[in-house]
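> These came from TrEMBL, pasted as-is:
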- 85-202: domain 'SnoaL-like' (DOMAIN)
- 248-347: domain 'SnoaL-like' (DOMAIN)
- 381-405: transmembrane segment (TRANSMEM)
- 417-436: transmembrane segment (TRANSMEM)
- 471-491: transmembrane segment (TRANSMEM)
- 520-537: transmembrane segment (TRANSMEM)
- 558-579: transmembrane segment (TRANSMEM)
């Protein structure tokens, strides 16, 4: 019964992965200056799952018991573990939704993709990773518009073993294009641990380096920086859990003792070994020994290869390992190996893939793919670079000294404007309220109220649509550095793909309440309008309009802060339009509806 409970969800996931399930469409309604349509109640969501292809969960379930689709040598948890991993890979190949794919993992999964610096901990973070980084590495899932858009994972070999009701699975694979041709430099090895509930609790994936291969240079670099790169994040097995009883384990042990004769004795005479840091395979014992001796010369005697985990049968072995220097784990030195054994237990073939040294390319690929798909993102990027340079570094472009000069008058002005935030202090005639030019106060508070109005676009951040820079923190940052936070968000944000979204989909309870709180728009509009009025009639001692306007212009001619506020207002007016169409789309408003208000809302807060 336990095995059936594990296999049924796998079969359902496989059916869904191959296009059998269609996701619900849902709608978001939130407060904004545009017409407010009634929020659809959560209870009215469609719960039907429409089958759009002939794939059936029952046929998928039957496949699990088809001997032609399973290894005849596996049974029990080893078979379940292999099936879970194969189903996970099939879901990636079929472009299943990340929300479906993460169901193969436990809630506290530890997922290591060595294309990125940090492990992904937990199912929620993994789902976010899959949404954000689709197409940036093979196990980050495939995107629709990337170099991997037509690629598929092809499993070259797999080994699965059971241990105390759990299983360990090691997979070697590569990518192919839409014509079935192998994609160069995509050989990879993954190591999985699957619990007794059929959930992946840990995964480690490493891909071969691109050509030209680093060869010995990578080892020499490691030797050079070995004293600088300790790593406490590597999780090792206890020393008594790995014993030197097999050829694979004896090979590691002999290498650590620098006994290369004994190390190569664990291989067959006609062995073939690929160290993916090098271009060619080592085709026999003699070539392998020459290679090992060269590696020995490149690395200090204090370096040891430590086995973290191993999945081994009589025919195959998958090994997860890392390098230590005098007993201390080294950063970026993890790796995986896959070996096949002959009938005598000697290693016949081997593939070793070490972790790539920094810089890691995963995040950079994610970012570059956004610009490739939408080159228009270069506009806010260029604007942001110019903004930061002009505001903080340059002299002569904007009036006043640059922000890095730390001029006392600048910080006093910032302090005084902050005390008069939203005009509360001057309107209440508080004794500590400083006197500031009313037009500068008006511009400052108009700008901040406009920045706060972007909270009405918080539905742009959802579990199914995370952004590289989360909108909530960026919105808070806009209250301090306005365009300095808005522009990076714009050129890194995830494109909108949903036609209707629900309020409950907005990421975070607080964001849900703020984004859809109807009084927010009215309150901030009142503050903005009051700021404009204050500019004209506030602080009568500054005279009539002509007098206060002229004195304001004189102030701006020497004031970097005030000049930057004017620039920010212009940037807000230009780039608010990037949110409006997507926001209307999420509210179920078609492209040809509300054209007048749509066009006004693109430029007016």
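Cβ coordinates are placed from backbone N, Cα and C, and glycine is handled just like the others.
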> Are there residues at least six beyond either end of the transmembrane segment (417-436) with Cβ under 8 Å to its Cβ atoms? List them, or say none.
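For the transmembrane segment (417-436), the sequence-distant neighbours (Cβ-Cβ under 8 Å, at least 6 residues beyond its ends) are 444-445, 448-449, 527, 530-531, 534, 538-539.
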> Calculate the per-residue pLDDT averaged over the domain 'SnoaL-like' (248-347) and state the result as an integer.
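Overall, the domain 'SnoaL-like' (248-347) comes to a mean pLDDT of 94.
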> Other than its close neighbours in sequence, what residues sit by the transmembrane segment (520-537), given a CB gap under 8 Å and a spacing of at least six beyond its ends?
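Sequence-distant neighbours of the transmembrane segment (520-537): 31-33, 422-423, 438-439, 441-446, 449-450, 452-453, 455-456, 514, 545, 548, 605.
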> For the domain 'SnoaL-like' (85-202), how many residues does DSSP put in helix, in strand and in coil?
29 helix, 45 strand, 44 coil
> With helix taken as DSSP H, G or I, strand as E or B and everything else coil, how many residues of the domain 'SnoaL-like' (248-347) land in each class?
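For that range the per-state counts are 28 helix, 41 strand, 31 coil.
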